[in-house]
């Protein structure tokens, strides 16, 4: 054993190790590092206005701009689709606040939160699921960002549209598009470097710059069309049950668009100064921000129907038409090209912020939990970026295998995870968590369950998936019964309700330890927590049990004087 510890491989591994608290066992080193520990007061720097800026900046992106397009295309009137956006994102905001409160109260991230519901080691599966999807979405969003870069360059250098292609047809792309994608990907790398509690400044800057650019686009389109266009006067083309299901699908599409953020909101909320900062700021800003952006998209697309004879829902396509009129072939003048550059830059910045918030930070946090000995959020973020580049996202978007349907349908799996976590925290444990035990690998830990896996959590998770699995098969093009399709139309709610209900029933039939008989959140007692066995104030594992655990205070007292040691690089 001593030879292994002194080997060259061991020395290299030790140099690559990230910051860790002294006194941890090898098992604990696979459960914690600086980025996984509860956020200490010095890093709790997100106030209410930071969350407002975060969601304002996140709401202005190309997906939100086009959120009403599918609803209008499917037969809804514009105002009906807009109501769907209001309702869908209001419901999503409630879920966001439910999961975000856990992080804001106990200052822990999604991977640590999930340990209470799925077990110390069982949590790795939902964490891996979230990390994998974040990497895929990072590549897809970066490709869309590359399209913004193409418009920026074309507005300066009009010949960029005709750049010779030197890439083979088998590559699935061309030199111009790949160069734009790579430029966006490369310029995104510096944003990954900053720690999460400081990256809030990016969202603040984006919230000041991007919405005015969107409003300018809104006014420009109306002026060019000499009005708001025909879409706002267009009635619904469906009625009866078809209209009812169209509205339901519109609401569910808005919620599904938020499925990943519902699960990982604790990753940001844990940096809140106090839990209230992550409540009203998110509950109000999310529906307002996304509804306003969607409304701008509706009016701009309606105006484009007057200018070009057909509604253009993709704002990048519309900006491309502003550069070169497809009807006349005329190139825009200097001021118009400058306007396209500014708006395209705003969309690129919007894509950057969305990619960092929804994908890079999420993947980095999740990867930290998968290999905490060697990965932190920064390293995980760069791995996410590398995967996003290597996966060649243009191939995924160019194929006709309903890839976007696969990604959207992934909310089926995420709703089950959210259902288990919310049921565990609010209805089973009643707000009570033993923080140090979430980092304990001892078999006597209340979160170790059976070999580190919580069978109740996994049973509920699988039940939440099974209720939607037949409809999911239908969504990707296979014939299924109509009943399964109707259930799948309510996929997020069905998965969430079944998973959360099953988990609650199982925990009532087979009680779990570390619960409270009354509502009891003790997050305000968390300071600089040491999770090493034997640390001052560490509760003996034999005292953990079910029922009303009132002896928590000494467990989470301020551990002033506990210092961290640098095992390896901070990178």
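Positions of Cβ are set from backbone N, Cα and C atoms, glycine also.
Residues or ranges marked as transmembrane segment in TrEMBL: 76-102 (among others). Same-chain residues lying 6 or more positions outside the transmembrane segment (76-102) and placing a CB less than 8 Å from one of its CB atoms are 67-68, 108, 110, 113, 231-232, 234-236, 238, 243, 246-247, 250-255, 257-258, 261-263, 265-266, 268-269, 275, 278-279, 282-284, 286-287, 290-291, 294-295, 298, 302, 418, 421-422, 425-426.
What TrEMBL lists as transmembrane segment is 178-196 (among others).
Annotated transmembrane segment per TrEMBL: 208-223 (among others), in sequence order. For the transmembrane segment (208-223), the list of distant contacts is 56-57, 60, 293, 296, 299-300, 303-304, 307, 315, 318, 339, 342-343, 345-347, 349-350, 353: same-chain residues at least six beyond its ends, Cβ to Cβ under 8 Å.
Here TrEMBL flags 243-263 (among others) as transmembrane segment.
Marked as transmembrane segment by TrEMBL: 283-308 (among others).
Among the features that TrEMBL reports, transmembrane segment is placed at 338-358 (among others). Counting same-chain residues at least six beyond the ends of the transmembrane segment (338-358), those with a Cβ under 8 angstroms from any Cβ of the stretch are 54, 57-58, 60-63, 134, 137-138, 141-142, 144-145, 148-149, 151-152, 154-156, 184, 187-188, 191-192, 199, 202-203, 206, 209-210, 213-214, 216-217, 220, 260-261, 268, 315-316, 319, 322-323, 332.
The transmembrane segment annotation in TrEMBL covers 379-397 (among others).
Residues annotated as transmembrane segment in TrEMBL: 409-428 (among others).
What TrEMBL records for 458-480 (among others) is transmembrane segment.
What TrEMBL records for 486-506 (among others) is transmembrane segment.
In this chain, the transmembrane segment (243-263) lies close to the transmembrane segment (409-428): three or more C-beta pairs between them fall below 8 angstroms, excluding pairs fewer than 6 positions apart. If you look at the transmembrane segment (379-397), the same-chain residues 6 or more away from its ends with a CB under 8 A from one of its CBs are 18, 131, 134-136, 138-140, 142-143, 171-173, 177-178, 181-182, 185, 188-189, 192, 359-361, 363-368, 403-404, 571. The stretches the transmembrane segment (486-506) and the transmembrane segment (409-428) are in mutual contact, each linked to the other by at least three Cβ pairs under 8 Å (pairs 6 or more apart in sequence). Proximity of distant same-chain residues to the transmembrane segment (283-308), defined by a Cβ-Cβ separation under 8 Å and at least 6 residues beyond the stretch ends, is recorded for 51-52, 55-56, 58-61, 64-69, 72, 78, 81-82, 85-86, 89-90, 92-94, 96-97, 214-215, 217-218, 221-222, 224-232, 254, 315, 318, 321, 326-327. Long-range Cβ contacts of the transmembrane segment (458-480) within its own chain (Cβ-Cβ under 8 Å, at least 6 residues beyond either end) map to 118, 122, 126, 402, 405-406, 409, 412-413, 415-417, 419-420, 423, 486-489, 491, 494-496, 498-500, 502-503, 506.
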